[in-house]
Amino acid sequence: MGFPKEGETIQIHSYKHNGQIHRIWNETTILKATELCIIGANDRTMVTESDGRTWVTREPAICYFHAKQWFNVIGMLREDGIYYYCNISSPFALDDEAIKYIDYDLDVKVFPDMTYHILDEDEYADHKKAMNYPKEIDGILRYHLNTLLHWIHQRKGPFASEFIDIWYERYLHYTK
């Protein structure tokens, strides 16, 4: 499959380690797509949970997926600043249907002042045991959690001061 073109829409599918679907974002506009990274945007898109419940996102968001990093980043544009929600996950895979990744439970919420909280450590411990995460996966995830925290401190990649604003402006070009 070729990479989606800028301006095209695609779904995002997250799975759990056991292969079960976790969550589907119905529509994301592609802003950049290369072998190394995909940047997309959405606003008020429908999200379907694994149990069939649905909800709609509240604000514009820029989504950043990397082929070599075991995390993805969602920058949410709110009235009081940019908030980030970071999923510790497998690198992305892409097919005709969607951008896909495995969600490994650990999350980092980053506030506009770049302080952060690591979330769902209990859920990670439970799923690590229940789904029998291999030791190698645990090591990879811990390493990439530390890499993510380094990116936050360094304001690297999607955490760079103008990154979200620049890509949001590009997104607005496609919504006119």
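Just so it is clear, glycine is given a Cβ too, placed from its N, Cα and C backbone atoms.
As recorded in Swiss-Prot:
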ACT_SITE  Arg23  active site, proton donor
BINDING   Asn87, Asp103, Asp107  Mg(2+) 1 binding site
BINDING   Asp105, Asp107, Asp120, Glu123  Mg(2+) 2 binding site
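When the binding-site residues Asn87, Asp103, Asp105, Asp107, Asp120 are compared by Cα distance to the residue listed as 'active site, proton donor', the shortest distance belongs to Asp103. Around the Cβ of Arg23 (active site, proton donor), a 10 Å sphere holds 15 further Cβ atoms from the protein chains shown. Between the C-alpha atoms of Asp103 (Mg(2+) 1 binding site) and Asp120 (Mg(2+) 2 binding site), the distance comes to 12 Å. The record gives Asn87, Asp103, Asp107 for Mg(2+) 1. Within 8 Å of the mean position of their Cβ atoms, the other Cβ atoms in that chain belong to Ser14, Phe71, Asn72, Tyr85, Cys86, Ile88, Ser89, Tyr104, Asp105, Leu106, Asp120. For Asp120 (Mg(2+) 2 binding site), the same-chain residues that are 6 or more apart in sequence and have a Cβ closer than 8 Å to its Cβ are Asp105, Leu106, Asp107.
Here Asn87 (Mg(2+) 1 binding site) is positioned 13 angstrom away from Glu123 (Mg(2+) 2 binding site), judged by their C-alpha atoms. Looking only at other Cβ atoms within 10 Å, the busiest spot among the binding-site residues Asp103, Asp105, Asp107, Glu123 turns out to be Asp105. Excluding Asp105, Asp107, Asp120, Glu123 themselves, the residues of that chain whose CB lies within 8 A of the CB mean position for the Mg(2+) 2 site are, in sequence, Ile88, Tyr104, Leu106, Leu119, Glu121, Asp122, Tyr124, His127.
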